[in-house]
Amino acid sequence: MKLISWNIDSLNAALTSDSARAKLSQEVLQTLVAENADIIAIQETKLSAKGPTKKHVEILEELFPGYENTWRSSQEPARKGYAGTMFLYKKELTPTISFPEIGAPSTMDLEGRIITLEFDAFFVTQVYTPNAGDGLKRLEERQVWDAKYAEYLAELDKEKPVLATGDYNVAHNEIDLANPASNRRSPGFTDEERAGFTNLLATGFTDTFRHVHGDVPERYTWWAQRSKTSKINNTGWRIDYWLTSNRIADKVTKSDMIDSGARQDHTPIVLEIDL
């Protein structure tokens, strides 16, 4: 089975805009088409509460014929056109779909951050983890989120093995970002967020990239758009993950990044597993 995850940073822009950045996103989408994955998880869709428009659906069906889609968008009183997730999956797959709420603080449960697909023998779940925010203003809420999310995955894992993916908004260890020393109190590399991810893994999950590749350095999934040279210089962060229940980690045959060319921000990640 092949699965892909990508924080797209606006599905609407990627599908309908003709800006230079959107064209780069469209090139990445063509790369994903060629990958012919069974399941594609997409984060930060930024769609309205009504979800994809008719035009969005038409373009998706043109790009990905033979795929169903399911989505969850941010709902009031949460911010409009914010966060949001989507799955594309091949039509021969017939998952049971759920949109879990985990008892998160503030409006986090209404921001469209988690979708779970249940199959006979396993779960596939994606997450767009809340950012701790400028000035770490959301860090306390983020810590609650991390604990609640870990509990949620552990509950799934009691039923059957889990494949979990998404933008976790944390570089777990120093090897997972280019400049750890200068980012100690940056969102995504605070001690608190790193401890939250350690706790998540400790509930019974494996970071599949490290499982496959060991301590290979300078491999990242995100490069800041604010710096024009972040990708050229590879000053990146690894904040997107494919996790599996420990008991199926040895079934993973590939866990890697997909090249997204000159496009900064997130790059897609791929998992291949014998299930």
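Just so you know, glycine gets a Cβ as well, placed from its N, Cα and C.
These numbers come from a predicted model, not from an experiment.
Residue environment of D265 (Mg(2+) 1 binding site) contains 19 other Cβ atoms, counted within 10 Å of its Cβ in all protein chains. Sequence annotations record features per position, and here Swiss-Prot assigns Mg(2+) 1 binding site to D9, E44, D265.
All protein chains considered, the CB of D167 (Mg(2+) 2 binding site) has 27 other CB atoms within 10 Å. Here Swiss-Prot flags D167, N169 as Mg(2+) 2 binding site, drawing on similarity to another entry.
The annotation site 'Transition state stabilizer' is assigned in Swiss-Prot to N169 on the grounds of similarity to another entry. In sequence order, T129, P130, N131, A132, P187, G188, E193, I239 make up the list of same-chain residues 6 or more apart from N169 (Mg(2+) 2 binding site) whose Cβ falls under 8 Å from its Cβ. A coil conformation is recorded for N169 (Mg(2+) 2 binding site) in the three-state DSSP classification, outside any helix or strand.
When other Cβ atoms within 10 Å of the Cβ of D240 (site 'Important for catalytic activity') are tallied across all protein chains shown, the result is 24. Annotated site 'Important for catalytic activity' per Swiss-Prot: D240, in sequence order, evidence recorded as similarity to another entry.
According to Swiss-Prot, the site 'Interaction with DNA substrate' annotation covers H266. Taking the Cβ of H266 (site 'Interaction with DNA substrate') as reference, residues of its chain lying under 8 Å away and at least six apart in sequence are, in sequence order, W6, N7, I8, D9, D167, T221, W222, D240, S260.
In this structure, D9 is the one among the binding-site residues D9, E44 with the smallest number of other Cβ atoms inside 10 Å of its Cβ.
In the three-state DSSP scheme, E44 (Mg(2+) 1 binding site) is classed as coil.
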